[in-house]
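Annotated in Swiss-Prot:
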| type | residues | note |
| --- | --- | --- |
| BINDING | Gly8, Arg11, Arg91, Arg137, Arg140 | CTP binding site |
| BINDING | Gly8, Arg11, Arg91, Arg137, Arg140 | ATP binding site |
| BINDING | Asp21, Asp23 | Mg(2+) binding site |
Amino acid sequence: MQIYKVGGAVRDRLLGRPVSDVDWLVVGATVEQMQAQGFRPVGADFPVFLHPKTGEEYALARTERKSGRGYGGFTFHASPDVTLEEDLIRRDLTINAMAEDEHGDLHDPYHGKTDLDQRILRHVSLAFAEDPLRVLRVARFAARYAPMGFRVADETLELMRQISASGELLALTAERSWKEIERALMEDQPQVFIEVLRACGALKELMPEVDALFHGEVSQGSHALDVLQQAAAQQQPLAVRWACLLLALGGKQIKTVNQRFKAPRECQELAILVGEFHEQGHRAMELAPEMLLDLLQKFDVYRRPQRFEEFIEACRMDALLGGRDYPQSEYLRGAAATARAVDVKPLMESGLTGQALGGALKAARLSALQAYKAR
């Protein structure tokens, strides 16, 4: 039995990046041998075990062959006869197909270290094209390592084009696709993820609405990527970044994209609201008090102040591209605070209830906003 550290832990150590999760590969062992040593099986599709003390994942060496469509369309074979080289060749990129033994020696049959040094994301074998999820993974890695100068190898990009043209991307589940999108959006240069998807034709398959933004007389797509990059530079949360990407789409299109990937509820809601109201955000100080109150009501600022704050931030990301200050931020925050400060208690004590109470509260808030605007 030989045990190797594999994948991201080896790659990131060689890059001098922090290593968070460590994956281990076991060659020459059986399921029974692993269990006899106290390892707990957790893999439903292939033998993966948790270490009895550290809780880290240990997988038996395995091979795989294509048996159906999509990410899950594979048959796996794990046995003590599977070699280290046979296991590593099934991996996506050469930089992820390196292993380190117990002595710290590097095992690199597919020249991942060379590609690492040359800053190239290159597929290990032609089997790369059998898994459509790898298109999203490579685009995500391109975004992650863009600050270090990495690029996708031409021949790998060509394979990604073939996958995109095959229709296999449409076999991916919403959950798997969203997981990659979410992780990519939270990288330092998430716009690179979209650029790579567009370069290989995957954006047209997965998000035709966003892809179409690049084909008008004025490229709204380039603007969307600039806003997304700005949001990342300002370390905005996921919901704001998602809203920035979709900002230029119409409400119906945003809803369609949201549902296609089953985005989290907070991401869906913010994207729709930002798409509909960001122009009002930019014109905040020109809005009549009635429109300003209506905007606050739409966002339910009384119960969900954080969502309105994220709306303000998305608007600010859009405006910052012009190098301008954004006084609308403080103006909108002040308006929300003014409306929230209206005390409902005196109205209730006066005996108002139901619709009458609601109408009086709205009138009081409008009066407060009129005074706020007049300052």
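Heads up, the Cβ atoms here are built off N, Cα and C, so glycines get one too.
Counting every protein chain shown, the number of other Cβ atoms lying within 10 Å of the Cβ of Asp23 (Mg(2+) binding site) is 16. Closest in space to Asp21 (Mg(2+) binding site), of the binding-site residues given as Gly8, Arg11, Arg91, Arg140, is Gly8, taking the CA atom of each residue. Other residues of the same chain near the ATP site, with their Cβ within 8 Å of the Cβ centroid of Gly8, Arg11, Arg91, Arg137, Arg140, are Gly7, Asp92, Leu93, Ile95, Asn96, Phe141. Cα separation, Arg137 (CTP binding site) to Asp23 (Mg(2+) binding site), rounded: 18 Å.
For the binding-site residues listed here (Arg11, Arg137, Arg140), the lowest count of other CB atoms within 10 A around the CB belongs to Arg137. The binding-site residues under consideration are Gly8, Asp21, Arg91. Their Cβ neighbour counts within 10 Å are lowest for Asp21. Taking every pair among Gly8, Arg11, Arg91, Arg137, Arg140, the residues recorded as binding CTP, the greatest CA to CA distance is 16 Å. Classification of Arg137 (CTP binding site) by DSSP places it within a helix.
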